[in-house]
Amino acid sequence: MRTYARGMATTGLRYSSTLLINRSYPQPTGKRLISSTPQSHIKEYFPPPDAPKIVKVTSAWHHPVYTEEEMRQVTVGHREAKNWSDWVALGSVRVLRWGMDLVTGYKHPAPGQEHIKKFQMTEKEWVRRFVFLESVAGVPGMVGGMLRHLRSLRRMKRDNGWIETLLEEAYNERMHLLTFLKVAEPGWFMRLMVLGAQGVFFNGFFLSYLVSPRTCHRFVGYLEEEAVLTYTRAIKDLESGRLPHWEKLEAPEIAIRYWKMPEGHRTMKDLLLYVRADEAKHREVNHTLGNLKQAVDVNPFAVEWKEPTKPHPSKGIKHLKTTGWEREDVV
Ligand SMILES: [Fe+2]
Ligand SMILES: [Fe+2]
């Protein structure tokens, strides 16, 4: 099998064949088993830590368990822009989306045009889009969490539970990125694009969050609407047989552990369902945070409710709201 590393020069992405192999075959830790790349180039992209006394690295955040039924109920959706702040957020996402489509070579088809050749995406093109999308998506939660942390220190006031949810979102997005990097490794062109995008986006988002955090959460809400759309389309492509290499592909180990994927539900399609559900959760969280008074309201995703049996915002996706929770329902 000699599929590894083809097309890197033109796409900036190496499509890894590591995951196409039979997992029952013993694999040496930290090495790619099958590859046409010379041995000197073969190394695990981010191998487990080389520390014989340590079993594994643990995390403070444990991903909630999603059922397949819950994940199947996730739908594409849009919150109508209602004021100037919403329009600024929506306009910015549209500009960003245009840039991202350009960089990742994505053309979104109108309904009914999915079968036309120029709109069709290969596995490699999809994963390139995922990697770029996730490398950008991990920025806002960290910036928002950091600025709220600093504000709490500076003003000597409580944060009301926002910081943790925002940092957890950034962590979750980074796990998406690490997962997709197990499927394909970026080449120099892609890395350059990610570097440039991060430089611009981090600074832009940082300054914007200082000016209007509410607009920034709305912006992330709209960005996540696009993410749900992207993953929904990829799942549809996979289910309709347009991505044959992914049909039998198992999800990487890092993903199985992170999402606690049950036995028999560990394929690439399952993985995309999990990621899409996470994006839908971010969409809900950020649209909700965009509805709240930033300085005084409690984060409804980090509370215990007086009436736990009623539908409330939560960490899971059981009562997921596409357009977020309105302020009067949660405060
Ligand atoms: Fe993501
Ligand atoms: Fe997201």
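Cβ coordinates come from backbone N, Cα and C, glycine included.
TrEMBL: automatically predicted annotations, no manual curation.
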Listed co-binder of Fe cation 1 (same site as Glu173, His176, Glu279, source TrEMBL) among Glu134, Glu239, Glu247: Glu134
Further Fe cation 2 ligand in TrEMBL, beside Glu173, Glu279, His282, within candidate set Glu123, Glu125, Glu224, Glu225: Glu224
Those binding-site residues in Glu134, His176, Glu224 whose CB falls under 6 A of ligand 2, listed in sequence order: Glu224
Residues among the binding-site residues Glu173, Glu224, His282 that border ligand 1 - Cβ under 6 angstroms, in sequence order: Glu173
Using Cα positions only, nearest of the binding-site residues to His282 (Fe cation 2 binding site) (Glu134, Glu173, His176): Glu173
Sorted by sequence, non-Glu134, Glu173, His176, Glu279 residues with Cβ within 8 Å of centre, Fe cation 1: Phe130, Leu133, Ala137, Gly138, Asn172, Arg174, Met175, Leu177, Ala227, Val275, Asp278, His282
C-alpha spacing of Glu224 (Fe cation 2 binding site) relative to Glu134 (Fe cation 1 binding site), in angstrom: 11
Shortest C-alpha distance to Glu224 (Fe cation 2 binding site) - which of the binding-site residues Glu173, His176, Glu279: Glu279
